[in-house]
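Here is what TrEMBL says about this protein:
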- 4-83: domain 'Cellulase Ig-like' (DOMAIN)
- 95-573: domain 'Glycoside hydrolase family 9' (DOMAIN)
- 512-532: region 'Disordered' (REGION)
- 552: active site (ACT_SITE)
- 561: active site (ACT_SITE)
Ligand code: 9MR
């Protein structure tokens, strides 16, 4: 199943002041001796703790803890039960490069602009996609998909009066993943997390590390923090996705722009010959714009007041439009309209409404939004499965708990985050691989790595709220899983660790299919194990223990894709873990 050594470590390493834990795969029932080597020297030794059979991995395991080690440097190796781990580092700055790399990944996802290899790296340059240059049909004047209908149970046509007889300039934005689609609802959470990590850095006094010149993006040198430049690329696209004034349903936001049919791999965005369509507006997309435009207004204000004002107005207007059309749901996967794109459908969007009200309140302080967020009954706010693009309540709660505001019940909100973090820590304690991701069903969801990362963000927020290092330790132990301390012994982040994943599903980072194309750039996280094994490649793994439902193959889109919304989760955590930020 894997040729990884039986001693599973974080292949990047362990922070000097953090916990240091590994997992040993062994049939031994009694504790075994372990030794930590550097060069020819034994730096520390001790005994493992047997943990029995782990169902998520399908393996018998022990845990090895060497927390007390304070040595620093590279080339450490852990030996136990006759096996040697991959080498790793002990240092305090292990996540500083990842903070940058994971953000620069977004530049590579940009549509409508040429990608400069001087910025993304040799071999990573490509021409601008979807700018109306053949064979592209382009995004300059995209038509609405005809036949937009959705009826309520009692037969009311929710899109009554819809004409869709216009085109929009939908250029720009980020491709969501390895396909050529651009979707508002996974763009929304990605923008939120990038803005959120910047706002967190402002709170901790470390925003300088994200300032102008910090990222390899074309706007470096314009006087604006680069992470804001990157986010603006998507925000401006989201603004373009609004139904134009004067049209029925004006102010709502189109759910996505995408190809009529899936295109095969590999295919550069410039070569995509498919007709592109605007899919019908949805309440969820509209609320996503409301939330991130409100958040953006706060953060752009010191740098570009005009843009901030535009965002503030856009946020309020979108929120109002969503109140007017509260239940326009994007269709699920079973409609023809989705034949060339992902559905990103969501049956319950009260969490999106909560999120929009939260960000609008944080930006404006207006009681109207506080009343709305109090009246919102979405539950549960936190789930063991983590938050993601279609479960945003937990994210909005983290924002409400950590961004300064005059909310009278702010202490209660903060306590609820700590309570959620305590539940995650209790679950983490049951996991011999140290990851606080224990779905109630025992099955891992699509994008489990993103979900795990977002659980780490809950723990990090509890650390910020309480100052208790135990929560930071929990984040660090959880991150070990992503970098190799897992059933397969792989690092799920390209360019990090000895056995890193490199063949994430992507039409342009398709090195596995065409050696003239690159792998995904450094700092790209894979979606990770998915118990459903929904694609033809991972189907062979169906029924495996949850952690083993993964293969680093470009065809395995259900377990090994890249997305902006998983990379934003990684960037948030990497930023939190970078020097001086936690
Ligand atoms: O991330 C999405 C996941 O939560 C859904 O379960 C899955 C199936 O609908 O779709 C995932 O999103 C994919 C999208 O539909 C199309 N582009 C690639 C996305 C990541 O795999």
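Keep in mind that glycine also has a Cβ here, set from the backbone N, Cα and C atoms.
Automatic prediction, not curation, is the source of TrEMBL annotations.
If you draw a 10 Å sphere around the CB of residue 561 (active site), it holds 24 other CB atoms from the protein chains shown. Beyond the ends of the region 'Disordered' (512-532), by six or more residues, the same chain brings 97-98, 100-105, 108, 120-121, 123-124, 265-266, 443-450, 452-453, 482, 492-496, 501-504, 506, 538, 542, 546-550, 552-554, 558-563, 566-567, 569-570, 574 to within a C-beta distance below 8 angstroms of the stretch. For the domain 'Glycoside hydrolase family 9' (95-573), the model gives a mean pLDDT of 96. In the three-state DSSP classification, residue 552 (active site) falls within coil. In this structure, the CA atom of residue 552 (active site) is 9 Å away from the CA atom of residue 561 (active site). Broken down by DSSP into helix, strand and coil, the domain 'Cellulase Ig-like' (4-83) contains 0 helix, 45 strand, 35 coil. Residue 561 (active site) falls within a strand segment according to DSSP. In the structure as shown, the Cβ atom of residue 552 (active site) sits within 10 Å of 19 other Cβ atoms.
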